[in-house]
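Enquirer: Please see the structure below; I have some questions.
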Amino acid sequence: MGQTLFDKIWNRHVLTGKEGEPQLLYIDLHLIHEVTSPQAFEGLRIQKRPLRRPDLTFATIDHNVPTEDIFNIRDEIAATQIKTLQNNCAEFDVKLFDNGTDQQGIVHMVGPEMGLTQPGKTIVCGDSHTATHGAFGAIAFGIGTSEVEHVFATQSLWQTKPKNLLIDINGKLPQGVYAKDIILHLINQYGVDFGTGYALEFGGSTMRNLSMDERMTICNMAIEAGAKYGLVQPDETTLEYVKDRPYADLTPEKLEYWKTLYSDEDAQFDCVIELDVTQLEPQVTWGTSPEMGVSFSTPFPAIENINDERAYQYMGLKPGEKAEDIELGYVFLGSCTNARLSDLVEASKFVKGHQVHPNITAIVVPGSRSVKHQAEALGIDKIFKDAGFQWREPGCSMCLGMNPDQVPAGVHCASTSNRNFEGRQGKGARTHLVSPAMAAAAAIEGRFIDVRNWEAVINA
């Protein structure tokens, strides 16, 4: 019987353990940041253990860094975490992409940009959106602080092999519909737990035609579907992205191995979901979970059709209303889901020549310094700033209420991030997950509009 892509990579990395039981996996790449690593480093000190593979461990500063002034860290806890990471990396000889360097950024953007993320690898990080790296045909997953310490000490991790779920996505995306809409639609249709216990392989003609940026957007939100892992078969698009990166180190042996990374024709998946995207609409979440979303033309559901009726109360919305009825106050373009260069370029098309609505505070946070520099070289920053957007420094920013960038209580925010839980963007904040295009257009109009009809709306 053939093997799935996931099984091939998994089996190659098993050090010990029986099928059906926890197995010890070798870890090829460990990415760390300032929030989940301090206790793990301290654990090494207490046990008087060395860091086993500093050469396979890479760090960046992202969660707590201020995006207005990266060196003026007013929050004492944030300042302590950042300084602690800097000291730990120096002590344990870990490469740190530090504040102010050209390589700093959100961890799930730095890995791919530096060529560290590659097909066939096992990749871990103390962050739940590590599945992002699966877009390259890798097994990538988030871990907790105790597991971070285990990888520090052993370069391995005990894991139970999941089942395999194929999401077969086909058809040409309509104009104005994006990768973000695909993953939001899947979560809306099947819920936030349909991927629990599975590794999700995203395949089909649609996936093959997506860029690496778009593939990363989809894999990034596998965790919102309940899955620990999400991955895509590597191909020429993958190779073109990786080949000239600083840490790519493309050897003939590595390239030959990559050619084997696909699911065999006779591979057996435990479950298959099929999606035709030809009629897909822009998606908008209305509630307090990523599954609480609708297509743009669809009214919000009746109370009896949702899992938590308190969501309407928290969000200040009612059944039967539509996305265009929401009174927005903030727009956030950023996060490890949608802060790559192509996201900002696409969003700028809806902004150029227009002004941010008077009721809107609009913020753009490039996901990395590399993206920021590239965007500025193209004049993208000027388009946003001329329109009235704030153009910030790289970081996780308004994706989570951990740093100074927060949405005021009771205010609705169109956000390109990945989670819309209560308080995710600040106490009382009301988050609506959308594509960069939808967020950008909303900043101009002051409300959500159907970006498929952008020209008609803006010229009306």
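Sequential numbering from 1, following the chain as shown.
Glycine is treated like the rest: Cβ placed from N, Cα and C.
These figures come from a predicted structure and were not determined experimentally.
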Enquirer: Out of CYS336, CYS413, which is the one Swiss-Prot records at the [4Fe-4S] cluster site of CYS396, CYS399?
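Expert: So, going by the record in Swiss-Prot, that would be CYS336.
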Enquirer: Does anything in the same chain, at least 6 positions from CYS336 ([4Fe-4S] cluster binding site), have a Cβ under 8 Å from its Cβ, and if so what?
Expert: ILE106, VAL107, HIS108, MET109, HIS129, THR132, ASN220, GLY367, CYS396, CYS399, ASN418
Enquirer: Going by DSSP, is CYS399 ([4Fe-4S] cluster binding site) part of a helix, a strand, or coil?
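Expert: Reduced to three states, the DSSP call for CYS399 ([4Fe-4S] cluster binding site) is helix.
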